[in-house]
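Following: one structure in structure tokens, then a few remarks.
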Amino acid sequence: MSAVNGTPWGSSAREEVWAGSGVEVEGSELPTFSTAAKVRVGVTIVLFVSSAGGNLAVLWSVTRPQPSQLRPSPVRRLFAHLAAADLLVTFVVMPLDATWNITVQWLAGDIACRTLMFLKLMAMYAAAFLPVVIGLDRQAAVLNPLGSRSGVRKLLGAAWGLSFLLALPQLFLFHTVHRAGPVPFTQCATKGSFKARWQETTYNLFTFCCLFLLPLTAMAICYSRIVLGVSSPRTRKGSHAPAGEFALRRSFDNRPRVRLRALRLALLVLLTFILCWTPYYLLGLWYWFSPSMLSEVPPSLSHILFLFGLLNAPLDPLLYGAFTLGCRRGHQELSMDSSREEGSRRMFQQDIQALRQTEVQKTVTSRKAGETKDIPITSI
């Protein structure tokens, strides 16, 4: 994450540059607060302000009391959790990254080193797992609209629980490492936690799979199933459904445009996740398998790619804001359509009632005429 911290979870080949042993330690070049790092800090501050404001606004919008006539949407609950994860990234990862680049070395002590590395990875796990939950929810909403939605809470709990458990190793791997001379220097690193190089590489690959590869695969499967399900002939033909099921399905799908917006929103969340983090993780893989490339790749490239990854946190509330505005317009159109349908229904009922009254009057008149003809004529 910083000049000495090249991956999102902190373990990097860069640590070996200054935290080695013997002659490497004495002759290594210590990191400095370079011009590229200064630009990175400035951009991080801008991202922090925009992400904090946007995600706090999303939380306020989702948690405020809603009109009684509107049923709470599952999408709102899901984006409340996504906003919470983005806020965790905002208030842990961004300030930590900016401060660490300014101080260059670690000045907060061993306990803060372990705790902040744990919180940082937990925040990034949550921000990666919650879009998967959104994809699973959209898959259930599209492919099985009549099914129960109670499983969403379990999925949300599993996402947060896994984020906590998978980040726990950070508490034991990271610690402060001190360098006595020629210039005293302290850093938060994994130096000495791995007995062999392959162990560190295995841990990095495992974290990479859990942070990026597995969530990306799960989301790709979800949206592929949605596309296949929507395009299948069975889904398009509604005439084969029983009458009762068709009526119930209409009651669930009375807002198709809102459902379509929710699906588009989930797809945009997936696309932003891919676009923001793919370049940085690919660079991390390059570092792990070819540490010599550290001297060939300019540090500014690592700065740019990580800032591009942090852009994901302020983008999510913008997507939700666009979705909310679209839903409000949809609700207005829906209310207008409902009022028109209600007026048409009342006019139809009035016409039916008038026709019935006319038929009744005709029947009464014809009966009276028949009774008059049946009266016998007597002579006086």
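Every residue gets a Cβ built from N, Cα and C, even glycine.
Swiss-Prot lists C113-C188 with the feature disulfide bond. Its own atom aside, the Cβ of C113 (disulfide bond) has 22 Cβ atoms within 10 angstroms in the protein chains shown.
Counted within 10 Å of its Cβ, the other Cβ atoms near N101 (N-linked glycosylation site) come to 23, all protein chains included. Positions annotated as N-linked glycosylation site by Swiss-Prot: N101.
According to Swiss-Prot, the feature topological domain 'Extracellular' maps to 1-40 (among others).
Summarising the annotation, Swiss-Prot assigns topological domain 'Cytoplasmic' to 61-76 (among others) and lists sequence analysis as the type of evidence. Mean pLDDT for the topological domain 'Cytoplasmic' (61-76) in the predicted structure: 67.
What Swiss-Prot lists as topological domain 'Extracellular' is 97-114 (among others), and the listing cites sequence analysis.
What Swiss-Prot records for 137-160 (among others) is topological domain 'Cytoplasmic', and it gives sequence analysis as the kind of evidence.
Per Swiss-Prot, topological domain 'Extracellular' is recorded for 179-204 (among others).
Annotated topological domain 'Cytoplasmic' per Swiss-Prot: 225-278 (among others), in sequence order, evidence recorded as sequence analysis.
Positions annotated as topological domain 'Extracellular' by Swiss-Prot, on the basis of sequence analysis: 298-303 (among others).
What Swiss-Prot records for 324-380 (among others) is topological domain 'Cytoplasmic'.
For 41-60 (among others), the entry in Swiss-Prot reads transmembrane segment, with the evidence type sequence analysis.
Annotation source Swiss-Prot lists transmembrane segment at 77-96 (among others). Counting same-chain residues at least six beyond the ends of the transmembrane segment (77-96), those with a Cβ under 8 angstroms from any Cβ of the stretch are 1, 44, 47-48, 51-52, 55-56, 58-59, 62-63, 116, 119-120, 122-124, 126-127, 130-131, 133-134, 137, 152, 156, 159-160, 269, 310, 312-314, 316-317, 320.
Taken from Swiss-Prot, the feature transmembrane segment applies to 115-136 (among others).
Marked as transmembrane segment by Swiss-Prot on the basis of sequence analysis: 161-178 (among others).
Annotated transmembrane segment per Swiss-Prot: 205-224 (among others), in sequence order.
Summarising the annotation, Swiss-Prot assigns transmembrane segment to 279-297 (among others) and lists sequence analysis as the type of evidence.
A separation of roughly 13 Å, to the nearest angstrom, links the Cα atoms of C188 (disulfide bond) and N101 (N-linked glycosylation site). Looking at 161-178, 205-224, 304-323, the range that has the most CB pairs within less than 8 A of the transmembrane segment (41-60) turns out to be 304-323.
Every protein chain shown contributes to the tally, and the Cβ of C188 (disulfide bond) ends up with 27 other Cβ atoms within 10 Å. N101 (N-linked glycosylation site) is 15 Å away from C113 (disulfide bond) when you measure Cα to Cα. Applying DSSP to the topological domain 'Extracellular' (97-114) sorts its residues as follows: 12 helix, 0 strand, 6 coil.
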